[in-house]
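Accompanying notes for the structure given below.
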Amino acid sequence: MNNAIRIMDLPENERPREKLTRYGVESLSNIELLALILRTGNKSENVISLCARILERCGGLNGLFNANRGELLNINGVGEAKASQILALLELTKRFRSFKSGENYNITNPKDAAYLVMEEMRWLKQEYLKVILLNTKNYVIKVKDVFIGSLNSSIVHPREIFLEAIKNNSYSIIICHNHPSGDTTPSKEDINVSNRIKECGKLIGIELLDHIIIGNGVYISLKEKDIL
């Protein structure tokens with residue numbers, strides 16, 4: 001028996017495209033978003049079931065984002081066509097992320113800063129500290145890794161951060177680091193490092209605008225929380 005079901009064969013209230021139109025793209029699950037890309041299932045399952053299994057096999061979005069052609073083809077029901085669709089989607093995502101790192105990206109609020117680095121930092125298995133260098137109009141000049149490892153005020157030296165800022169004629173900076181646990185609650189050391197960098201910035205005339213902590217798809221702004 002051929003059980004292949006297209007999205008259009010599903011009840012209307014279960015169709016991802018109709019849900020997108022009615023409620024917005026944000027309302028769709030990861031499975032439904034992937035289903036819109038792949039469009040059809042196979043002889044034994046519909047596209048929703050197939051996409052659920054793909055994400056489960058890959059270990060979620062993180063695994064899918066890092067999957068290669070061979071790994072995708074090893075998933076039952078994924079042939080050359082569907083593997084190519086997924087790889088094209090992943091490549092577009094990577095290129096878009098790279099595009100956003102350019103100097104045409106303007107930061108007007110903490111959300112802008114968080115979204116600039118979110119997709120890269122949310123999956124990291126250890127802590128990274130990045131500095132976003134800004135010009136006088138808050139356009140991004142550069143995003144630079146300055147430290148890898150747990151933040152500690154005795155290890156993280158402001159010199160490394162402001163050296164990059166001075167080299168790139170930065171007017172102000174935003175620092176961002178990730179919590180691999182996904183919990184964005186700032187630690188005592190996070191706060192100490194922020195204050196130390198802020199004070200050093202005052203001395204040399206380069207303002208620290210914010211410290212953004214990245215979790216798994218969420219963030220916290222120390223500025224918004226009145227911690228900085």
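Every residue, even glycine, has its Cβ placed from backbone N, Cα and C.
For the Zn(2+) site, Swiss-Prot lists His177, His179; matching the candidates Asp190, Asp210 against that entry yields Asp190.
Other than the site residues His177, His179, Asp190, same-chain residues with C-beta atoms no more than 8 angstroms from the centre of those residues' C-beta atoms, the Zn(2+) site, are Glu127, Leu151, Asn178, Thr184, Pro186, Ser187, Ile213, Ile214. When Cβ atoms from all protein chains are considered, those within 10 Å of Asp190 (Zn(2+) binding site) total 24, not counting its own.
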